[in-house]
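Listed in TrEMBL:
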type: DOMAIN; residues: 47-222; note: domain 'Aminopeptidase N-like N-terminal'
type: DOMAIN; residues: 257-333; note: domain 'Peptidase M1 membrane alanine aminopeptidase'
type: BINDING; residues: H316, H320; note: Zn(2+) binding site
Amino acid sequence: TLCCEAPAADTTPTSFLLQNMTMSRLSPADPNSYSRPDQVVVSSIHLNWDVDFPSKIISGTATLTVDRKQDDAVHLILDTRDLTIKSVKDEETGQVLQYTLGEPHPNFGSELKIALSSDAKKQLKVQIEYETSASSSALQWLAPEQTAGKQHPYVFSQCQAIHCRSLVPCQDTPTVKMPYTAEVSAPSELVVLMSALREGQQEKGNRKVFRFRQPVPMPSYLIAIAVGALESRKIGPRSLVWSEKELVEKAEYEFSETETMLKTAEELCGDYVWGQYDLLILPPSFPYGGMENPCLTFVTPTLLAGDRSLADVIAHEITHSWTGNLVTNSNWQ
């Protein structure tokens, strides 16, 4: 109630502090998100992306299926940061939707406020054409010489905690969970991976289009992508390990006990619902030991000790398949 009601007039230090906390919140439910899922909530996302290494930009569309939670709601409010918005429309009718982009905050980015069509539809699809910035805080772009193979560029994402808004216009709060699908175009010599099930690929000239499906609702911070000269090895009935070819055999040996860890986790926590559990060994610039992106845990190469002595980090990341990815904090505060 504190964030929805004006505090009573009081001059005590505690009251002053609470009043200022109330005033600084971006929204009633989440102090770090402009979005208002209590009014209109995103229920699924489809991404259609083109990865451009020379410009260090991902461009394309995000099509958001949204549900009105309040009958009189006339705006969809999203989080963005350093995104160039080109157009917004109702995908089903083609109607252009008016929008405003708020003044940028150095940490939280800009509020994207989209005026919805005035009909009484409970659900609609909003398509946003946009591109990221070359300085997107969610993306790390590597030149070929920064990779193990030194022949091809590489890019990977890190959206936790509130960086997804610099990759996708979204309700960037862990309160909102949604499934997503994606089609991603990249140079044909590279492989695209995402935090989702792989649904095949198709050659298009000198590029390939990779398709993905994540059927389990998840918060925005778990949307992840990596593009590079990647190879895989099978390490279990539902697990592959991915890396550049220079490290893939070491990774295959190091994480060969992954299925045993998964089975142990299932005995403790219940069924593993995400289908696939793959590992991606990233370049050394990856800033964490591991990141529990669904279907594709990101792992630092510093775990490749040669004797499996650091493989217990994978057990930690596996547990996030339940605590974090399924049962999630409502906000980062």
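Each Cβ is built from the backbone N, Cα and C atoms, and glycine gets one as well.
Bear in mind that TrEMBL entries carry predicted annotations, made automatically and left uncurated.
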Entry from the binding-site residues list H316, H320 having the most other CB atoms no farther than 10 A: H320
DSSP helix/strand/coil residue counts for the domain 'Peptidase M1 membrane alanine aminopeptidase' (257-333): 23 helix, 12 strand, 42 coil
